[in-house]
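Q: Quick paste from Swiss-Prot:
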type     : residues                : note
BINDING  : 95, 206, 214, 216       : Ca(2+) 1 binding site
BINDING  : 177, 228, 229, 231, 301 : Ca(2+) 2 binding site
DISULFID : 82-135                  : disulfide bond
DISULFID : 165-249                 : disulfide bond
DISULFID : 191-244                 : disulfide bond
DISULFID : 196-207                 : disulfide bond
CARBOHYD : 69                      : N-linked glycosylation site
SIGNAL   : 1-50                    : signal peptide
């Protein structure tokens, strides 16, 4: 009997010793693999050029200097550029091969053929409804028109910034703006917006909630409207919903893959006076206008300087995406 017990104890001790040996061997092997892997990363990392993207996070910050990233020096090798221009440009040029000519000129600046896209829009009003900013870098040419200064500034505010938006049901609810970053943005073929501010008893202030004719009109027959009312006050709205969609939006910060070039005009449109524009800089510039060929030549000549004050983005903007998450 004692022999059996001794044998059991001996077997148990041998098992422990063997297990200990196996664990030590595995630990040594894993250490060897991990160290080799880390050494490989250290050796290879200087030769790898990558760029990190956040998960649906807004990028904010000053545009005084270019954002440094490991692929910045070779931007044109891995990026796309969209150049938006009014229809009158192609009409004035009158050359069916003008885009091919510009593509060859962009090639001299380091942008391969096929990386630059030319996007035509009819006018500022129609462009504001559906911007479609799909490229890594988007440059919008807007010819100055003194009668459209407000439309131009609203479009600039829309596409140069990121907005987080939600639907509004104006038939059931009252709405209020909480702070300066909170705006109501309407888009459509024809947007007429009227508001009626309410007191704490939900009675109209200077208006009757049951009579829209008494509401204050803040926009009439516009395609893009960014409405700002008194913060902290409930409002009842009347909107031409058959031809217009309105959303409750919050400005998150600058959209840094978009730049606007104002063509002509005595001064550059300024949107930095808005207290929600932070930092107080903008990617807007002006070039003299004589002929559209001269405009495009200037853009080609300075395209790399323009891109250096922008930041490549992985998210696009169109009218549908804008409404929910820009």
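In case you wondered, yes, glycine gets a Cβ from its N, Cα and C as well.
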Q: Enter the number of other CB atoms within 10 angstroms of the CB of residue 191 (disulfide bond).
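A: Other Cβ atoms within 10 Å of residue 191 (disulfide bond): 24.
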Q: When you measure from the Cβ of residue 249 (disulfide bond), which residues in the chain that are at least 6 apart have a Cβ under 8 Å away?
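A: Result: 163, 164, 165, 166, 182, 183, 184, 185.
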Q: What whole-number Å value do you get for the CA-CA distance of residue 135 (disulfide bond) and residue 207 (disulfide bond)?
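A: With distance taken Cα to Cα, residue 207 (disulfide bond) is 46 Å from residue 135 (disulfide bond).
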Q: Please work out the number of neighbouring Cβ atoms within 10 Å of the Cβ of residue 165 (disulfide bond), leaving out its own Cβ.
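A: Around the Cβ of residue 165 (disulfide bond), 19 other Cβ atoms lie within 10 Å.
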Q: Please identify, among the recorded positions 82, 95, 196, 214, the one with the smallest Cα-Cα distance to residue 231 (Ca(2+) 2 binding site).
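A: Nearest listed residue in space: 196.
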Q: Consider the recorded positions 177, 207, 228, 244 and say which one has the Cα lying nearest the Cα of residue 95 (Ca(2+) 1 binding site).
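A: Nearest candidate: 244.
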Q: What Cα-Cα separation, expressed in whole Å, is found between residue 216 (Ca(2+) 1 binding site) and residue 196 (disulfide bond)?
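A: So the Cα of residue 196 (disulfide bond) lies 6 Å away from that of residue 216 (Ca(2+) 1 binding site).
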Q: In Å, rounded, how far does the Cα of residue 244 (disulfide bond) sit from the Cα of residue 214 (Ca(2+) 1 binding site)?
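A: With distance taken Cα to Cα, residue 214 (Ca(2+) 1 binding site) is 21 Å from residue 244 (disulfide bond).
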Q: Select the closest residue to residue 206 (Ca(2+) 1 binding site) from the following recorded positions, measuring between CA atoms: 82, 228, 229.
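A: For residue 206 (Ca(2+) 1 binding site), the spatially nearest of the recorded positions is 229.
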Q: Provide, as an integer number of angstrom, the distance between the C-alpha atoms of residue 229 (Ca(2+) 2 binding site) and residue 196 (disulfide bond).
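A: It is 10 Å, counting Cα to Cα.
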Q: Select one residue from 177, 214: among these binding-site residues, choose the one with the most other Cβ atoms within 10 Å of its Cβ.
A: 177
Q: Spatially, which candidate from the recorded positions 82, 177, 196 is nearest to residue 214 (Ca(2+) 1 binding site), comparing Cα atoms?
A: 196
Q: So how many other Cβ atoms are close to residue 95 (Ca(2+) 1 binding site), meaning within 10 Å of its Cβ?
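A: Total other Cβ atoms inside 10 Å, all chains included: 11.
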